[in-house]
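Enquirer: Okay, handing you the structure first.
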Amino acid sequence: MNIKELVLKLNEIDAIKLGEFKLKSGIISPIYIDLRVTVSSPPLLAAIAEMMYQKVYKSGNAQETPALVCGVPYTALPIATGMSIANNIPMVVRRKEAKAYGTKQLIEGRFKEGDNVLVVEDLVTSGASVLETVRDLNSVGLKVTDVVVLLDRQQGARQALEKQGYRLHSVFTMEELINTLIEAGKLTGRTLELVQSFLDANRNVVVPLPPTLAPPAPAPIVINKPFEERAKLASNPMASKLFTLMSSKKTNLAVAADLTDKQQLLDLAESIGSEICVLKTHVDIIDNYDEEFIKSLKCIAAKHNFLIFEDRKFADIGNTVKYQFENGVYKISKWADMVTVHGVAGSSIVDGFKSGLKEYGSGLLLLAQMSSKGSLCVGDYTTQMIEMANNNKEEVMGLICQERLPSMTDGLVLMTPGVQFNSTGDAMGQQYNTPEYIIKEKNTDVIIVGRGIYQSNDPKSVANKYRTAAWETYQSKF
């Protein structure tokens, strides 16, 4: 089947509609292409899938051979399926929204990080739908170089995609479709005039992309500042205190003491206290907790000059977190120098901490990213957490993150969990990176090490090795 035959067949099955239609891009068009009807014509659907595949690969136009294909939801899904079956290429499916049950995945199917994916779409106007799919594929480690469509409406999609490094392949353009209909006598009179006027007015007019899909502004050049300088830039007093402590003690090592016995935790703190800047606790997992434990821990912290970080991960409304922070069995506000906070309740959660923070001088650490596999702290969520931190600098001392992003200001302490010399993972989804990689390549400030230290035979000696690796890597940046 050639292009002319295909266009006429689409017209025959009423896939080409004339009238007044509002496109996803917002443009009002006198012509609308509805390729959903092709699912009722299996031979035609198979022909479309094969023509699209040939356009990319059998003509040698592809940048890279795909390991997978993925259709943009929803019209392109049957096209991608036909392409997958006919050419024996595995397929992944992108959901428009993650399920709230089952696997809860946005991208379904078997794949591995770095696989190249051919994105399949029925037609493009601005390219927004394609870029939404590319964004979600990238979020799970998949790579995209090529996009194939049946129809390019010639209204900016090609430019938008190429600007972000993706090559667009189309079987035919809107101009070719219109010319075919004119030659076949299917488009005449007043309708022809309207369509022709529309094409003349909109040919290669770039439709603006939504802000979340527009090409990012160039990242500013990051000029690393030493901790003593950043202490002066911090609006939160605890952030300033931590920067100063790290600079004077020459350590940017935090240890996650995830132990369930209070004496074991106190012994660990005494053993490694001279090596660390922060000790991270989960007080609610301690089986034999009492107030004497807190008194002892504070004495050890004062003796060895480290701060206490309660990893509570508050996530409720402001009124509730106020009581969780200041009251109850643990009375966290009275002894924790810093606590972690999720942003799911919105920025109003910060208000719940204000009275306790003011009285005891502690700081909040917002969870912008996590080290666990499949974490939902990505994309827009991460962006909003950084914005929340920047808008509440007096209360927020820093971020829990996996990398420094341009919008993270110098007054925030960046702390990264999931650090081990052996950068692999565990059976429960934790993923590890080395101290050197986190401090130098990801450009964060504090490494958080847990089992790599407290499960070792000699925690103090191992802690010293992590301290040395992290501090020397930090110093090498200047």
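Quick reminder: no glycine exception, Cβ is built from N, Cα and C everywhere.
Sharing the feature lines straight out of Swiss-Prot:
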type: ACT_SITE; residues: Asp311; note: active site, for OMPdecase activity
type: ACT_SITE; residues: Lys313; note: active site, for OMPdecase activity
type: ACT_SITE; residues: Asp316; note: active site, for OMPdecase activity
type: BINDING; residues: Asp258, Lys280, Thr281, His282, Asp316, Thr320, Ser371, Gln430, Gln431, Tyr432, Gly450, Arg451; note: UMP binding site
type: BINDING; residues: Lys280, Lys313, Asp316, Thr320, Ser371, Gln430, Gln431, Tyr432, Gly450, Arg451; note: orotidine 5'-phosphate binding site
type: REGION; residues: 1-210; note: region 'OPRTase'
type: REGION; residues: 211-229; note: region 'Domain linker'
type: REGION; residues: 230-478; note: region 'OMPdecase'
Enquirer: Check the binding-site residues Thr281, Ser371 for other C-beta atoms within 10 angstroms of each C-beta and report the one with the most.
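Expert: Per the Cβ count within 10 Å, the most buried is Thr281.
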Enquirer: Give me the Cα-Cα distance between Asp258 (UMP binding site) and Asp316 (active site, for OMPdecase activity), rounded to a whole Å.
Expert: 23
Enquirer: If you measure from the C-alpha of Gly450 (UMP binding site), which of the recorded positions Lys280, Asp311, Lys313, Asp316 fall inside 10 Å?
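Expert: Hits: Lys280.
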Enquirer: Just the number: how many Å between the Cα atoms of Asp316 (active site, for OMPdecase activity) and Thr281 (UMP binding site)?
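Expert: Answer for this pair: 20 Å between alpha carbons.
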Enquirer: Which whole-number value in Å describes the distance between the Cα atoms of Lys313 (active site, for OMPdecase activity) and Thr281 (UMP binding site)?
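Expert: Lys313 (active site, for OMPdecase activity) to Thr281 (UMP binding site), Cα-Cα distance: 11 Å.
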Enquirer: When you measure from the Cβ of Asp316 (active site, for OMPdecase activity), how many other Cβ atoms are you left with inside 10 Å?
Expert: 15
Enquirer: Select one residue from Lys280, Lys313: among these recorded positions, choose the one with the most other Cβ atoms within 10 Å of its Cβ.
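Expert: Selected residue: Lys280.
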Enquirer: For Gly450 (UMP binding site), just count the other CB atoms lying within 10 A of its CB, please.
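Expert: I count 19 other Cβ atoms within 10 Å of it.
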Enquirer: Looking only at Asp258, Asp311, which of these recorded positions has the biggest number of Cβ atoms within 10 Å around its Cβ?
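Expert: Per the Cβ count, the most surrounded site is Asp311.
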